[in-house]
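To start, the structure under review is shown below, and the notes come after it.
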Amino acid sequence: MKYIGAHVSAAGGLANAPARAAEIGATAFALFTKNQRQWRAAPLTPQVIDDFKIACEKYLFSAAQILPHDSYLINLGHPVSEALEKSRDAFLDEMQRCEQLGLTLLNFHPGSHLMQIAQEDCLARIAESINIALAQTEGVTAVIENTAGQGSNLGFEFEQLAAIIDGVEDKSRVGVCIDTCHAFAAGYDLRTPEACEKTFAEFGKIVGFQYLRGMHLNDAKSAFGSRVDRHHSLGEGNIGHDAFRWIMQDGRFDGIPLILETINPDIWAEEIAWLKAQQIAEAVA
């Protein structure tokens with residue numbers, strides 16, 4: 001079964017996120033558990049935690065259907081010790097917030113070397129950052145998102161994701177989220193079913209589908225292999241509809257959150273309905 005949704009707002013309280021997801025016909029959703037542009041946030045109160053759990057139950061969202069995202073400020077591979085510690089503390093707080101809310105996944109961008117340390121050293125720092133957070137939490141999987149490779153961001157090659165996973169001690173609590181726009185911009189072709197087969201065969205060989213814990217379904221304004229991160233609405237960008245139809249009709253993408261971060265929230269309901277229809281088309285066929 002496919003879990004399909006979007007990254008919804010938690011404005012006005014975390015309990016509003018499941019309701020907003022339900023309004024657009026979603027069977028999955030992503031959210032920020034705090035302001036993503038601030039380092040610190042007030043601790044979650046028992047009331048906030050209870051309200052969120054009740055709302056998830058009301059709208060039939062289990063933890064397996066929810067893919068929270070951490071702050072954009074965090075850089076788990078930061079080359080400067082003080083900044084690295086600040087990021088590690090913030091990441092631990094994000095993991096602990098998920099644990100308190102009964103969530104089992106936390107999606108994050110791996111990190112950047114900022115042209116100051118070697119790529120291998122940065123990847124090792126990211127893995128160690130994950131180890132530190134996992135050692136102080138229970139039940140939450142750290143989900144590494146592939147990047148477009150913009151600037152000095154790492155995680156744009158499957159080999160880099162595999163290297164981070166290799167450095168994580170508890171393999172049962174690390175996974176990846178593949179963003180289709182990022183993959184395309186990083187040079188993984190998705191424009192035809194044949195290209196999708198090739199790209200995900202490579203993913204399976206290098207990373208492994210056992211680590212796939214979520215996806216971001218985004219078309220790309222950016223050009224193939226451009227290393228530029230620019231999302232677009234499904235079918236409107238340079239990837240086109242075929243990739244998303246192919247994903248909907250492949251069982252390897254069942255049982256994980258498939259999250260839209262497309263640029264027009266006004267048509268998320270339509271995009272979700274279209275994705276669901278592709279799945280039904282497969283069943284009929």
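Just so you know, glycine gets a Cβ as well, placed from its N, Cα and C.
The Zn(2+) 3 site recorded in Swiss-Prot comprises ASP229, HIS231 together with one of HIS182, HIS241, namely HIS182. Binding of Zn(2+) 2 is attributed by Swiss-Prot to ASP179, HIS216, GLU261, and within the candidate set GLU138, GLU145, GLU157, GLU159 the record adds GLU145 to that site. Among the candidates HIS109, HIS113, the one that Swiss-Prot lists alongside HIS69, GLU145 as binding Zn(2+) 1 is HIS109.
Across the fold, the C-alpha of HIS69 (Zn(2+) 1 binding site) and the C-alpha of HIS231 (Zn(2+) 3 binding site) stand 17 Å from each other. Less than 8 angstroms from the CB of HIS231 (Zn(2+) 3 binding site) sit CYS181, ASN218, ASP219, ALA220, LYS221, GLY237, GLU261, THR262, ILE263, each of them six or more residues away in the same chain. Classification of HIS182 (Zn(2+) 3 binding site) by DSSP places it within a helix. Listed in chain order, the residues near the Zn(2+) 1 site other than HIS69, HIS109, GLU145 are ASP70, ASN107, PHE108, VAL143, ILE144, CYS177, each with its Cβ within 8 Å of the site Cβ centroid.
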